[in-house]
Amino acid sequence: MRSTSKAIPFSFHTSLIVQCLRPLRFTSAASPSSSSSSSSQWFGFLRNAITSSDLMLGKCTHARILTFEENPERFLINNLISMYSKCGSLTYARRVFDKMPDRDLVSWNSILAAYAQSSECVVENIQQAFLLFRILRQDVVYTSRMTLSPMLKLCLHSGYVWASESFHGYACKIGLDGDEFVAGALVNIYLKFGKVKEGKVLFEEMPYRDVVLWNLMLKAYLEMGFKEEAIDLSSAFHSSGLNPNEITLRLLARISGDDSDAGQVKSFANGNDASSVSEIIFRNKGLSEYLHSGQYSALLKCFADMVESDVECDQVTFILMLATAVKVDSLALGQQVHCMALKLGLDLMLTVSNSLINMYCKLRKFGFARTVFDNMSERDLISWNSVIAGIAQNGLEVEAVCLFMQLLRCGLKPDQYTMTSVLKAASSLPEGLSLSKQVHVHAIKINNVSDSFVSTALIDAYSRNRCMKEAEILFERHNFDLVAWNAMMAGYTQSHDGHKTLKLFALMHKQGERSDDFTLATVFKTCGFLFAINQGKQVHAYAIKSGYDLDLWVSSGILDMYVKCGDMSAAQFAFDSIPVPDDVAWTTMISGCIENGEEERAFHVFSQMRLMGVLPDEFTIATLAKASSCLTALEQGRQIHANALKLNCTNDPFVGTSLVDMYAKCGSIDDAYCLFKRIEMMNITAWNAMLVGLAQHGEGKETLQLFKQMKSLGIKPDKVTFIGVLSACSHSGLVSEAYKHMRSMHGDYGIKPEIEHYSCLADALGRAGLVKQAENLIESMSMEASASMYRTLLAACRVQGDTETGKRVATKLLELEPLDSSAYVLLSNMYAAASKWDEMKLARTMMKGHKVKKDPGFSWIEVKNKIHIFVVDDRSNRQTELIYRKVKDMIRDIKQEGYVPETDFTLVDVEEEEKERALYYHSEKLAVAFGLLSTPPSTPIRVIKNLRVCGDCHNAMKYIAKVYNREIVLRDANRFHRFKDGICSCGDYW
């Protein structure tokens, strides 16, 4: 016995166990809140009928249910089956079962239990039960111990040895051969059928053996005349630490040769008389029944009574209580039980230590689990398996692999459970493929690679690491269950070989294997990235037919598939079909709207989400920030930022970066920079967002300064970083700086320049007036120039008046994109600026000949959360007269300040006065006039234009900002322009 004075990790309070009753008072199966059915009046009547075995009361209750319940709940019907079974009416139980519209595993377990409990265990009934079990295997993929228990009982009644062996094999296949109840029943069957050798093997493999099983083995040895084996077993029983009951004492007396006197062996009772042994057995039996029926409040009360009554607990008590702590998710209870075990010295027992490891792992306290494991004086394979599995399942893969290597060094032979756990851990690591292959070699060495669990785990490991050839070799060698099929399909999907996923799915159904939620979710994901909407619709129909469309995981997969395929109508239907969408489903719908260009709808969905009381997560916030960026809706973006602050997720790198990008793209670069400085965990994406934002706003020097700061902090730039840096050089006319960073990109960081980087450099040359150098750069590139590069160069030719180079560039641009309207427009603008009206008309004629229409230019402004759109000479606004009057006032005021209309931007050959008038009512001027009328003085006016701002409007904006003392932020197709005090942030480089 361990000294009670030893320091223990937790303080022990018996009262805490009693306190655990309060939060769990309604968690038992009989409590009102345990299900919707149990709160009804019918459940109480059924319980009374079962308790009193009153068939008449049960029938009357059934009749009332049929009268008053149009669609009785499945839980209630299951209890009807149990009632008829307990009251001895198998016929009525079967009738209720046959009429059930849909059945779950509990329904099947109930009817099988009815056959097993029937006093009429005739051959016909046994055969009917076996037939039901075969049907069950077709309808339900997974079964439980509650399914096997009645089947094993029927095997015992029937005397069918072959059936018992078949169920034993099935138990091994589904991993229940180690279950104490299933294994115990199998031991009992083998012993009753005289197969003592088989019973002994199974008995010795069991992780926990109660006194009843020991009694069965002792009795079998005695009845078969194996007295030496019985003596050895009695010694082993003494070493186990279990307390014998009265039956044990009689059997031990028979071994000693005196059936009438058990005094010679009473020392096995450890100083307790038979009555005290019977008391603890009775108490443990009650605890076990409460545990398996889910009546945790009653169990805790029973245990508290044991403690207060000074009933000495044994290892079985502690194993049951530790299992209870896991069931009710109570670390406090688990620690108190651990404390009691320490005080009584029972934590030294192997089975108790193993249960402690299991409890701490299930409650995610891996440090405690490892401490228990490290302090064990004796460990068996179950100890190793428990700690490896617990650690592997909760993200500590490296530690799990190290423990596996330590196990091998100890000379222990891993079993299928060890191998599956370590394979799961190894395959998740960066070096997962190499480790998985080493484990595979060891599995071959110890000859357990043929085990279905190990083979399936190997398939999963290879699939995770996209080594599908190795997975295929394993898969083709055996007839696998659904788990292996799922692993293969998931592997193909992860390897971007979706066509094989769909082929395997079709083959699986052809061979009669039924899908589960994981299968369907994988297939929908595959259909999404393949844009295979027709196949997706077929699988959707199958999901509806099989009832999986109501599964949240599957329904989210259906929604995501339609979103990725661009069918938002079908996506909306799928979303509306989800009974209670979670945050993932809402976010999928929101991001789908954004991906398909329906940003305003995304905000509408978000409003519905908040009305439903669903809190957005970090991904939702980041997605909505992106929507604000696309709409350049600053006010909505600010609201999203406010939501992020309320949810305390602004420190999330993903959210912070998205908000920085949103403010930058909405024209509020100061807000973007303030938020950027407050991000605590800054990654390269955040730096890139800020660099690109500054570049778009023409803050070239600030961009380069920030880039220098980033490098000083040891953050390595990537290709996106250099796009921002080169863009800043381009917009600020820093040609030499652009060349310098282009060389540094490849020489210092090993980043090969791509088309986007060359585009920025060519743009920098064009804006600086070095049009021919830009043309030479494009011609000298090793890669083919893009249409956007030629488009940028053509715009530069228009600004510089280089019609000769512009003509060559336009020819190459039209070869790449003959239907690009901007090419014709830029060409005609270039000729108009040079007063070459005949060439301009020819360009327009070419445009008409190719039936190309010019993209209409328009500008918009957001006022009071409403978007107002304007086109040239627009008179659709209800305030048109006021707006046009304001434009006239603006032109008058800025002319007095020195503004001179740049009539070169007029594309018609008319009188100068007409040219001026044509410039006055460009869309951006109308939008600014509306902004002056509709926004408070001194507040910034933010205007967005879909095309590049014309030179005259750009010049006019500088004067308007100065005369009216307003900051004007104008975002065109190329960049941001911030007009303040008569100066633009672009420095006239645009």
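Think of each number as a place in line: the chain as shown, counted from 1.
Cβ atoms are placed via backbone N, Cα and C, with glycine included.
Looking at 59-89, 586-616, 865-895, the range tied to region 'Type E(+) motif' in Swiss-Prot is 865-895. Among residues of the same chain six or more beyond the repeat 'PPR 16' (617-651), those with a C-beta under 8 A of the stretch's C-beta atoms are 583, 586-587, 590-591, 593-594, 599-600, 602-603, 606, 609, 657-659, 661-663, 665-668, 675, 678-681, 862, 865, 867, 942, 944, 971. Helix, strand and coil counts from DSSP across the repeat 'PPR 6' (279-313) read 28 helix, 0 strand, 7 coil.
Using DSSP to sort the residues of the repeat 'PPR 19' (718-753) gives these counts of helix, strand and coil: 27 helix, 0 strand, 9 coil.
A Cβ distance under 8 Å defines the sequence-distant neighbours of the repeat 'PPR 20' (754-788), meaning residues of its chain 6+ beyond its ends; these are 719, 722-723, 726-727, 729-731, 733-735, 738-739, 742, 745, 795-797, 799-800, 802, 805, 808-809, 812-813, 816-817, 820, 989-990. When pLDDT values are averaged over the repeat 'PPR 8' (349-379), the model yields 86. DSSP labels the residues of the repeat 'PPR 20' (754-788) in these numbers: 25 helix, 0 strand, 10 coil. Only residues 6 or more beyond the boundaries of the region 'Type E(+) motif' (865-895), in the same chain, are considered here, and those with a CB under 8 A from a CB of the stretch are 631, 633, 635-636, 856-859, 920-930, 932-933, 956, 959-960, 963-964. Non-local neighbours of the repeat 'PPR 12' (481-515) in the same chain are 138, 141, 173, 452, 455-456, 459-460, 462-464, 466, 468, 471-472, 475, 522-523, 525-527, 529-530, 532, 535, 539, 542, 546, 548; each lies 6+ residues outside the stretch with a CB under 8 Å from one of its CB atoms.
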